[in-house]
Amino acid sequence: MTYFFETYGCQMNVAESASVEQLLLARGWTKAVDAQTCDVLIINTCSVRITAETRVFGRLGLFSSLKKKRAFFIILMGCMAQRLHDKIQQQFPRIDYVVGTFAHARFESIFQEIEQKLTQKDYRFEFISERYREHPVSGYRFFASSYSEGSFQSFIPIMNGCNNFCSFCIVPYVRGREISRDLDAILQEVDVLSEKGVREITLLGQNVNSYRGRDREGNIVTFPQLLRHLVRRCEVKDQIKWIRFVSSHPKDLSDDLIATIAQESRLCRLVHLPVQHGANGVLKRMRRSYTREQYLSLVGKLKASVPNVALSTDILIGFPGETEEDFEQTLDLMREVEFDSAFMYHYNPREGTPAYDFPDRIPDATRIARLQRVIALQMSTTLKKMRARVGKTLPVLVESRSRNNPEELFGHTELGEMTVLEGKVDPTYIGRFVDVQVKEVRGRTLRAHLVQERAK
């Protein structure tokens, strides 16, 4: 049997696709070259923005037509499967399985059915989307591993769901309430990843700061405590050198977490701290639970406590009722903080969220124009910061040969900056940490030459 994945959306979706792929590989399945030749097509979907849903609907139309010409199975999973299951089943009856975010335990039986070549039919599981308030976490299952074969990086989901209910966000309605993974399960996955040669891990959650797992005695483990446990575990085999985490809600960024980042050298000095907006009135309507001043205070603490810390963020432009003055306050905040990078987007109405019914929607032309100004400002700041790296010696994790020149190697810095090692570089450095000296910036990539391999 052969399979192929199409994955849309966040890093959590990427991790969950990798986890499902592990189940398939364990059953002896192999990856197909493309979606047109596979026995089973798995589409992992996102509902955060309407553009992602529109693209998936287009793909479903294409693949439904393809099923008229050849027999294969289509599995739809992820947030669209949870949110729009009835619409999808009605509009695309040739889809074989629709697996929502609370139905991960179904995959083993689905794959067994496919292997037995059962007659294709509509498959419906017990959806929880309308009842998650009574059963907030009952159906969610963490996978054992999100490892991708041959990769030196790996995601580790540590929690799922969100209790914040920002007025614009669909995530709590498709992911449910927060649930945290037990400490031992996370540590066991770290051990497995170390054995497989992984050098860098990224902890995932809709709000990792609110992690509240349990140890084997049943005691609550906070997120800073989890990080310290992970660092100590990684020190044992000394294979995993860099630990990242996303995403962090500003209201839950504690002094203990800031101190932990400052004290532990394996924690990357890059913190993703979504601000969303720079005007207090908009932040209040967004239900973000902090003010502009509180956010800037957190940034000040981070910069004072963690030398050379880099900050990334999310910026949401064109929220209902946003005035020109509100927008200018966002630009001012960006200039003051000087984010190293940002995910920038304009407001997308999501049916079922409180903001969907808010008055004073911003015209499309205004939203787009404001977003372009935000992007231009951030690109200028990012370029300035990257140019400041020229001449400096930085650690880099070498990932692969360069796609443009196989004699050169490709990797990334601790801050996630793409880096090309120029000249003929020994390919045995792939999967290792090296020191490089930055020569120049091309586009959004650092060009550098090898100095030496870093001490183990």
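Cβ atoms here come from the backbone N, Cα and C positions, even for glycine.
Within Cys10, Cys38, the residue that Swiss-Prot lists together with Cys46, Cys79 for binding [4Fe-4S] cluster 1 is Cys10.
For the domain 'TRAM' (387-452), the model's average pLDDT works out to 94.
For the binding-site residues Cys10, Cys46, Cys79, Cys162, the largest tally of other C-beta atoms within 10 A is found at Cys79. Mapped onto three states, the DSSP output places Cys166 ([4Fe-4S] cluster 2 binding site) in coil. Separation of the C-alpha atoms of Cys79 ([4Fe-4S] cluster 1 binding site) and Cys169 ([4Fe-4S] cluster 2 binding site): 12 Å, rounded to the nearest whole number. Taking the centre of the Cβ atoms of Cys10, Cys46, Cys79 as the [4Fe-4S] cluster 1 site, the nearby residues of that chain (Cβ within 8 Å, site residues left out) are Tyr8, Gly9, Met12, Asn13, Thr45, Ser47, Val48, Ala52, Gly78, Val174. One way to see the shell of the [4Fe-4S] cluster 2 site is to take the Cβ centroid of Cys162, Cys166, Cys169; the remaining same-chain residues with a Cβ within 8 Å of it are Asn164, Phe165, Phe168, Ile170, Val171, Pro172, Gln206.
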